[in-house]
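Q: The ATP binding site annotation in Swiss-Prot covers 114, 115, 116, 121, 138, 139, 140, 141, 142, 143, 144, 145. Marked as SUMO cross-link by Swiss-Prot on the basis of similarity to another entry: 53. Swiss-Prot lists 125-300 with the feature domain 'Helicase ATP-binding', giving sequence analysis as the kind of evidence. The domain 'Helicase C-terminal' annotation in Swiss-Prot covers 328-475. Summarising the annotation, Swiss-Prot assigns region 'Disordered' to 1-39, 477-504. The motif 'DEAD box' feature in Swiss-Prot is assigned to 248-251.
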């Protein structure tokens with residue numbers, strides 16, 4: 001049974017594109033270094049009686065869904081932690097076929113081997129297909145992209161064909177070029193099956209190809225606010241046909257200061273449109289935006305109503321001083337790189353720190369690359385591609401990559417520098433444990449971060465994580481004014497004793513494996529004993545790494561060509577991810593990691609082999 005019209009051949013070439021950042025680093029994209037983006041756009045005065053009518057409610061409840069009782073629906077929502085607010089919210093769909101998507105959409109879903117809708121898809125699809133405005137609050141990696149893209153395809157198939165000069169029917173606004181690029185990649189596969197066209201426009205890339213896509217006509221446009229405003233101001237596109245608006249990661253767009261641009265863009269769209277807003281958090285600023293842009297909307301919340309992290313992520317917090325971070329990071333990476341699944345993102349606060357840490361790690365033989373807002377788009381794309389394909393399994397990043405970076409098999413996140421807010425902390429660690437997978441987040445928390453300590457403890461408690469006693473001590477010290485300097489934290493030897501003797505765990509990885517296998521009660525008891533003591537040299541000898549593992553630091557960590565224990569995970573005698581000084585010439589010349597092509601943009605900070613120019 002299918003209540004929707006099948007795909008319709010639009011008869012035009014497919015639009016191509018990939019996303020970039022919405023605004024340039026030097027200011028607005030209008031050509032001026034400073035100014036008011038969108039100042040040339042005039043707020044439209046809409047007369048709904050004069051606008052062409054359009055249809056937006058296509059939902060017909062599947063018979064299997066109609067037979068489901070209210071009690072069964074409530075049980076499902078509780079099991080998936082779905083909270084719904086609003087009037088006349090449809091029942092969630094428990095199976096893909098109950099959504100009645102067109103056959104070619106179902107074919108793509110089948111090829112991707114999805115077993116059942118995620119929670120946000122199950123409840124979001126019926127709402128979106130009913131033509132209702134909605135707010136979806138869900139953690140990253142929850143499947144929200146398909147939650148709005150598949151109803152968008154159904155919506156487009158019920159609208160008149162595009163004519164010459166028409167703008168997009170569906171507009172998706174995203175905060176960063178990385179997120180927009182990933183949305184475009186998802187959209188392209190489904191649009192190809194449905195003979196629709198999508199494109200992505202963003203700053204930091206040539207305008208010509210993006211303008212050509214828009215002139216040919218695209219049904220779906222994924223855009224960052226800055227470049228879209230630039231094109232609207234110079235008349236390269238318009239939003240007269242836009243009847244389906246998506247604000248993806250609305251909280252992030254507000255954090256980045258895009259609210260004025262968003263309001264300018266929304267003023268160009270007819271007020272009877274359908275609007276869907278997606279966010280990982282629900283602060284008052286996002287609530288105000290929803291009140292201004294949405295009408296009689298359904299609010300769907302997945303997970304706890306308060307600030308919460310993905311419960312599939314094991315969170316480990318190490319309270320330490322800034323001067324200790326480098327040594328702790330190296331020892332942690334030695335453990336992580338011994339794993340078969342070792343893809344890791346290390347988050348730092350500044351661009352300078354990103355470059356310095358990347359150079360240091362590569363100089364010491366680690367397969368690390370860095371990404372931040374001052375990198376050229378060509379370099380950023382190349383670095384992300386190397387990371388996604390495992391050629392450089394360590395990515396050092398600023399918050400420019402903390403959202404929108406969707407790599408399925410990231411196993412570890414390390415907060416080298418703690419972010420400015422708990423919201424950013426949640427988004428950072430959300431890069432791991434995508435979909436239903438598990439992951440681990442390590443965080444270095446210093447007394448300088450004391451303003452965030454209470455919020456961090458709340459996030460840990462909500463996720464039923466073990467809480468480092470030092471965090472609780474910082475709360476006490478904050479009240480007594482003893483939070484700064486070494487005097488504000490008790491002797492580290494006590495933690496080392498607790499970890500090595502009472503806890504009985506040799507490494508951070510032992511801690512994780514224990515937490516994964518036992519009850520939350522045991523985990524809570526264990527966490528009170530073990531956090532912070534896992535880096536001492538004593539804990540690395542005669543431990544899980546075998547007798548040939550020596551913990552004197554990175555330059556002596558591989559003394560033999562055939563190490564025993566955990567480090568035998570399929571690695572050859574040269575230790576691909578190791579740091580055997582004998583195998584390193586001038587830092588990186590013998591590393592088996594990819595380098596950009598000679599004609600690629602300069603990769604400052606990455607040592608190049610002979611034959612490659614800097």
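A Cβ is built for glycine as well, from the same backbone N, Cα and C atoms used for every other residue.
Quick caveat, the model's predicted, so the values are computed rather than measured.
Are these features on the surface or tucked inside, and what touches them?
A: The DSSP secondary structure for residue 142 (ATP binding site) is coil.
Residue 53 (SUMO cross-link) carries neither a helix nor a strand DSSP state and counts as coil.
The average pLDDT computed for the motif 'DEAD box' (248-251) is 92.
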Q: For the ATP site made of 114, 115, 116, 121, 138, 139, 140, 141, 142, 143, 144, 145, how many Å separate the two farthest Cα atoms?
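A: Looking at 114, 115, 116, 121, 138, 139, 140, 141, 142, 143, 144, 145 as a set, their Cα atoms extend up to 20 Å apart.
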Q: When DSSP states are grouped into helix, strand and coil, how many residues of the motif 'DEAD box' (248-251) land in each?
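A: Going by DSSP assignments, the motif 'DEAD box' (248-251) contains 2 helix, 0 strand, 2 coil.
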Q: For the domain 'Helicase C-terminal' (328-475), what are the DSSP-based totals of helix, strand and coil residues?
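A: So the counts come to 68 helix, 23 strand, 57 coil.
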Q: Counting only other Cβ atoms and using a 10 Å cut-off, which of the binding-site residues 114, 138, 140, 142 scores lowest?
A: 114
Q: Taking the Cβ of each of the recorded positions and counting other Cβ atoms inside 10 Å, which one has the highest number: 53, 144?
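A: Answer returned by the neighbour count: 144.
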Q: Between residue 140 (ATP binding site) and residue 53 (SUMO cross-link), how many Å separate their Cα atoms?
A: 36
